[in-house]
């Protein structure tokens, strides 16, 4: 009798162990599936293009296309670059990208602020722009095309008006100057250090740049952009001389090898002239 009872108890124990084992396997499999899903979501693809001899890299991450660390291209803009890649361009094709970087009609930008207590800094940023340019910011009611300013783990914005709701994401949401920099991207303005003729004014040291951010030093192709005058080191769109340095050395210098002073407080005279030209 005791022997039979022993085997019955053993059988129960084995069954319980099997059930626990199956549950553990199921849990591990579920974790693996979640892990794989996260890895797929975070997958990064680097696209290399050559447009009229100008090489550039676009980072695709989570379905978004980054021309720089904080400039997001729309799918239509990205597909245009793919079409322009490695081909001779007609005059009409040269104007396609410029036309696709849409300006806000009549210079009116509708916005929604979702920064909580930091909303005041976004208002200051918009004031920095509207007080010196034809651009006007109007709080959204039900307009379909608008910018929503939100907190995020980085600073970035789509380039120009994309249509519909577009996010202006801020980690530095208590710095009105940096928010203004991102609003400039949303208006269609690119970085000064990425202008097509930058090599006439500065030297870029990619060997000092974090490899993960070398794409942030893309040069804009002259066929997809418009520049005014010479490089403006005082532009609110100009990066500092040690931007994305991996070793503490300068990543951008003047042609003579010296550094320069950058600022992200206010629009420069050339920034203002650029907005006047656009809007």
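For all residues, glycine too, the Cβ spot is worked out from N, Cα and C.
In TrEMBL, annotation is done automatically, which means it is predicted and not curated.
According to TrEMBL, the domain 'Peptidase M12A' annotation covers 95-279.
Sequence-distant contacts (6 or more apart, same chain, Cβ under 8 Å) of residue 191 (Zn(2+) binding site) comprise 68, 71, 237, 238, 239. Here TrEMBL flags 181, 185, 191 as Zn(2+) binding site.
Long-range C-beta contacts of residue 182 (active site), restricted to its own chain and to partners at least six residues apart, with a cutoff below 8 Å, comprise 70, 155, 156, 157, 168, 169, 170. Look at residue 182 (active site): DSSP puts it in a helix. The active site annotation in TrEMBL covers 182.
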*Which site among 181, 185 has the most other CB atoms no more than 10 Å from its CB, taking these as binding-site residues?*
181
*Averaged over the whole of the domain 'Peptidase M12A' (95-279), what is the pLDDT?*
95
_Cβ within 8 Å of the Zn(2+) site centroid (181, 185, 191 excluded): which residues?_
68, 70, 71, 157, 182, 184, 189, 190, 236, 237
